[in-house]
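These notes are about the structure you will find just below.
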Amino acid sequence: MTDNSKICVVVGMSGGVDSSVTALLLKEQGYDVIGVFMKNWHDTDEFGVCTATEDYKDVAAVADQIGIPYYSVNFEKEYWDRVFEYFLAEYRAGRTPNPDVMCNKEIKFKAFLDYAMTLGADYVATGHYAQVKRDENGTVHMLRGADNGKDQTYFLSQLSQEQLQKTLFPLGHLQKSEVREIAERAGLATAKKKDSTGICFIGEKNFKQFLSQYLPAQKGRMMTIDGRDMGEHAGLMYYTIGQRGGLGIGGQHGGDNQPWFVVGKDLSQNILYVGQGFYHEALMSNSLDASVIHFTREMPEEFTFECTAKFRYRQPDSHVRVHVRGDKAEVVFAEPQRAITPGQAVVFYDGKECLGGGMIDMAYKNGQPCQYI
């Protein structure tokens, strides 16, 4: 049996059941485990529910239960500078960002990893549903989590080989239901705690109210593609391509009586375009351009390959052909795709392995850019 007692693993503990079980499993496997709670957002907020103080109490309770030391570290400045400023800039540019991807890249696996090294860590571990596998050459491959419904490789797609070399994902081979069972059997304080939702680290808030604190909303016209005025929108940043709810025009129907969706934006004119039908022609595209292209292991500077891809979390994989030039890529779809959204991540897969990905800049239909920003 391997002696893990001299291997120090620092676990990012959020106060949730997943990171609690992560720490428990590593402790049971004999590792020298240290828990760390990351505080990345200020507590005093007039909207929604801020749970940082209660979450830290849960971390303390679980750490005491399983017998590990624990610390709290403040990354508020790093989060603001590296994630939140990016988040706001993307919304200003009419895009729909995915802060979780950037949060993992810059905070959980950079700022936290650096801090863990100062504690003497050999590895860091988190409660993500993903797997790492080292090949005979020592290269680490990131694989999907065994629980298809919980797999989080989409959000981890910007991690580097250097980061993956130092990372453990103890829950990767488990189903979520098994994680709950382990927590309940061990009597962990977080066993019945509900999963968190909302923006990475910021928690559950009224998104419209939250965003309006930082970006002034500019109301404008809501129109159909053919120029019919449909009323007023509350501010382009509040809408995403393919969105159905929140338009306030449910009672206005054309001849086909189908629901209305956001089908485009014109940032320069402050116009929100809407159309009827889930598969409205303006929502369909057959290629995209992406930037910030990144692979989890070494790849050539320029190459073309075929794989599957996701354009949003929990979406079924789609077959694509990818041509990479440096940190940019053209991605051509085997079948037309709906609501490809600038600012979201496109993530590439080879079977179970997550190869990496990038950020969507523009969608195209037959070579013509879709009016999505």
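Here the Cβ of each residue, glycine as well, is placed from N, Cα and C on the backbone.
Owing to the predicted nature of the structure, the values given are computational and were not obtained by experimental measurement.
Positions annotated as ATP binding site by Swiss-Prot: Gly12, Met13, Ser14, Gly15, Gly16, Val17, Asp18, Ser19, Met38, Gly127. Taken from Swiss-Prot, the feature active site, nucleophile applies to Cys103. Per Swiss-Prot, disulfide bond is recorded for Cys103-Cys200. Under the heading site 'Interaction with tRNA', Swiss-Prot lists His128, Gln344. Here Swiss-Prot flags Cys200 as active site, cysteine persulfide intermediate.
The structure, with features from Swiss-Prot marked on it.
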residue	record	CB count, 10 Å
Gly12	ATP binding site	24
Ser14	ATP binding site	24
Gly16	ATP binding site	21
Asp18	ATP binding site	25
Met38	ATP binding site	26
Cys103	active site, nucleophile	23
His128	site 'Interaction with tRNA'	25
Cys200	disulfide bond	22
Gln344	site 'Interaction with tRNA'	25
Cα-Cα distance maximum in Å, computed over every pair in Gly12, Met13, Ser14, Gly15, Gly16, Val17, Asp18, Ser19, Met38, Gly127 that the record assigns to ATP: 16
Inter-residue Cα distance where the pair is Asp18 (ATP binding site) and His128 (site 'Interaction with tRNA'), in Å: 8
Minimum Cα separation from Cys103 (active site, nucleophile), reported as the residue among recorded positions Gly12, Ser14, Asp18, Cys200, Gln344 that achieves it: Cys200
When distances run from the Cα of Gln344 (site 'Interaction with tRNA') to each of the recorded positions Gly16, Asp18, Met38, Cys200, the nearest one: Cys200
Between Cys200 (disulfide bond) and Ser14 (ATP binding site): CA-CA distance (Å): 11
Between Asp18 (ATP binding site) and Cys200 (disulfide bond), the C-alpha gap once rounded to whole angstrom: 15
